[in-house]
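This report concerns only the one structure given below.
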């Protein structure tokens, strides 16, 4: 019920989101994104680009959209795109900027309006159009999931689609419209977990136990993240994308956005931990109906501790892999290690890792206890032969 109320209260108004989007788009007025095909690649650049030094290529591009559609243009390319392995025949995206001519001489001097006519367009390669390779990869992923997971895999894909809908229809528009990040993350994450757990795993007490543990883990991550972001004085502007976003969407609370990102980043592995623990409890009860709840909890926690150990490594290495280029760059700096670790771009990843891990670890005993309470009680403990000798560690 709280999730439904939160969705109704925080659901973004489409008119407000459109107004914010139009205001943000005005910052890039005169720029469009066009498509083209690479027809030729030559080493080196001419003019001012050649004076900049470094690796530079010149692309001959056949325009497929925009004012120069059907014609061929020459575009200099340097930096990461020059080393991306782009080949002849690849489709690329170009940022097109309209260049206005001088003011119309027929216009009266002193007029408050200016009549500009587009006389030329400046192009720059903004990226590679990767639609087809990504589509093929997505199809392979879905086939493998359904082939191995059968009906459960198919349900997982449907739940993933619903989760993507909630992300695109609620979480992102709510953040864009300036809603506080933590409530949006809590409501959106809870709604996603309701859909994923009950739709994929069914409406059972086992699933309910996993859901309770998941929601507790989300609340813990939210609280720890909120405290960590404020005490470490993180601005939420530690990367290039956030810096650009701050220029075109000033209404966004970037500290709240960072907290929201930490919570959402931990959802997948949190769901994995809680559903595994709930399943472990139920399987233990099925294998030993006479086992008392305290013993079920103790044995399930031994499974959970193994899961915790592997999960901590999973979270750590996933964040290290995501920020590897930043780590390499900082590794080359001649600065003390502590000074490097306190840089915002690195501190953000540290906060993500610790906050996510704390929520995951605490979700294990919570889920295990709830699941043990939801299972039927065991028989008289005097008839349980393993009670006295059960190890505990």
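Each Cβ is built from the backbone N, Cα and C atoms, and glycine gets one as well.
Note that TrEMBL annotation is computational and uncurated.
As recorded in TrEMBL:
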TRANSMEM  128-148  transmembrane segment
TRANSMEM  155-176  transmembrane segment
TRANSMEM  182-203  transmembrane segment
TRANSMEM  210-232  transmembrane segment
TRANSMEM  252-270  transmembrane segment
TRANSMEM  308-330  transmembrane segment
TRANSMEM  350-372  transmembrane segment
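Contacts between the transmembrane segment (252-270) and the transmembrane segment (128-148): absent, as fewer than 3 C-beta pairs lie under 8 angstroms at sequence separation of six or more. By the count of Cβ pairs under 8 Å, the stretch nearest in packing to the transmembrane segment (210-232) among 128-148, 155-176, 182-203, 308-330, 350-372 is 350-372.
The largest share of C-beta pairs under 8 angstroms with the transmembrane segment (308-330) comes from 350-372, of the ranges 128-148, 155-176, 182-203, 350-372.
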